[in-house]
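Lifted from TrEMBL, the feature list:
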type: ACT_SITE; residues: A:GLU49; note: active site, proton acceptor
type: ACT_SITE; residues: A:ASP60; note: active site, proton acceptor
Amino acid sequence: MSRLQTRFAELKQQNRAALVTFVTAGDPDYATSLAILKGLPKAGADVIELGMPFTDPMADGPAIQLANIRALAAKQDLAKTLQMVREFRVEDSTTPLVLMGYFNPIHKMGVERFIGEALEAGVDGLIVVDLPPEHNEDLCDPAQAAGIDFIRLTTPTTDDKRLPTVLNGSSGFVYYVSVAGVTGAGSATLEHVEQAVARLRRHTDLPIAIGFGIRTPDHAATIARLADGVVVGSALIDRIAQAETPQQAVDGVLGLCAELAQGVRGARG
Amino acid sequence: MTSFRNGPDAKGLFGSFGGQYVAETLMPLIHDLAAEYEKAKQDPAFAKELAYFQRDYVGRPSPLYFAERLTEHCGGAKIYLKREELNHTGAHKINNCIGQILLARRMGKKRIIAETGAGMHGVATATVAARFGLQCVIYMGTTDIDRQQANVFRMKLLGAEVIPVTAGTGTLKDAMNEALRDWVTNVDSTFYLIGTVAGPHPYPAMVRDFQAVIGSETRDQMQAQEGRLPDSLVACIGGGSNAMGLFHPFLDDQSVQIIGVEAAGHGIATGQHAASLNGGVPGVLHGNRTFLLQNDDGQIIDAHSISAGLDYPGIGPEHAWLHDIGRVEYTSITDKEALAAFHKCCRLEGIIPALESAHALAEVFKRAPGLPKDHLMVVNLSGRGDKDMQTVMHHYDEQEEHI
């Protein structure tokens, strides 16, 4: 079993949802970002999404745009992001880690080389925002053939007709983007999320994680009652933006992560 | 002979360029748009309506004008100007806007968004939105707002809301990112009116089709005036819509030499330019695979050109393909060369060209003198230069100071 399968199976047994955290690699700088990454599992993150910085994050709202700008200004690149995963894996061989970002930096590195290095570094899955199933052959197919999960985003606009196409190439888990919009935008109603999860369950046995607009422990707890995973990104990244020192950034992110984890873990109690 | 005019394939690819590299939220919408456009293409009522607006609202056909004084000055090829600058709103952009707004209306969309660089596409979009009573939001980088204030005011006069984009360098690429963000947020109500032959399929093909009226008219007009096809075509390229519009109807005419002119800014060697084909490598941005200005890590590099309309780090995927297979020759012209051509055109023909079009003219000034007098050369005068007064004045002052 892959790390993702193992983790979601364990949590299912414990009857609780996964807390999935997103931070951008290299934000605000390599050392601080690595300290955050290494601290996340202890702070209660069950699955880690690590953003690969890109100059033009078209699907992201202001918080993650700024995170990308900070990381790139600190000279983060794809090679360093992979290095960060390697350093993370020295101490942690169980927490699933998913790289998330846009296709161009991977395209530039070369798909074959990227997959090889990602695999060797200990990457479990990929989320590439601008690679819909129409372009499976570009990265999804070779990544899966090599044993890396390809996690798809499904959205409120993915209708029943299209859903099988999207889910076909999915593995690891399914990421439901609960609002049509950019990351960090307003959140969906509970009713909408309930219906969406029910609809997805009719089409797939994969775990379903819900993201976009989830910011507080209470909100995370509410979602954790409905879905298999709760994704939080912008709210964590805001803590980095607000920090005046690297230590404040680390403490801020890990502090919020611990609160969110408490919310998620107590949700179904 | 295989045709060069059949692209893209069902996946929106021209060779290995193009495609649909967008977030899932937009995919269903893009498929809808492609299907709706296919239907519209087959519908005689759509064609009739489009023809009506092209003629009575845009002012088509635009003249194919024999530039006698430019020809004399160069002393070689016979130079014709395709006068797209005489269109309503002063550039070729309206050809595409009229087509897309009619499509938006068919699809029942009430809100139009667009990105703009020089502001010409923004003005053209605001114009057609006003004409059809639709809400209009234009994204424009703050750098471009500063250098194109007259166009910002025109858009506001036409009832559009202009949203300044501060991200990145505040130019066309950043405006396009922000328009895409708006689109994923307002998918149901909103039609994204892309201004060039780029973006996810079907945009590159659709915008090309709406602009191809330029080349089709040129064929007929040249036939009427000279009784034959032109020998060469020259057009400037940012995203590449005016060029694609002129070139496409001639792609299968092997006798016609086709030249696209990119913006070399301060010179390609300086790294400060907007020449994606001459100074970039293939990558994926804004929904399509094409040539991009990027660094070794695949991060997009900001383009530079004196002309805001060419200031984009990518290029339409069909151009990338035509470059790849060698059907079209792509050259580049620096800021300085474009400015010199701008002044020559003003003085010799009494026509103030857009700085974008001045890049094409500069290429003509390089080529025409060495060509025989019976060589028929068409240059696309894609826009008028009224919007560039501020920029040109600024450089004029600099020149005066040097003197």
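Residue numbers in this text run from 1 along the chain shown.
Keep in mind that glycine also has a Cβ here, set from the backbone N, Cα and C atoms.
Keep in mind that TrEMBL annotations are predicted by a computer and have not been checked by a curator.
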Spatial separation of A:GLU49 (active site, proton acceptor) from A:ASP60 (active site, proton acceptor) - C-alpha basis, Å
15
Look at each of the active-site residues, A:GLU49, A:ASP60, and point out the one with the fewest other Cβ atoms around it within 10 Å.
A:GLU49
Once the DSSP letters are reduced so that anything not helix or strand counts as coil, what is A:GLU49 (active site, proton acceptor)?
strand
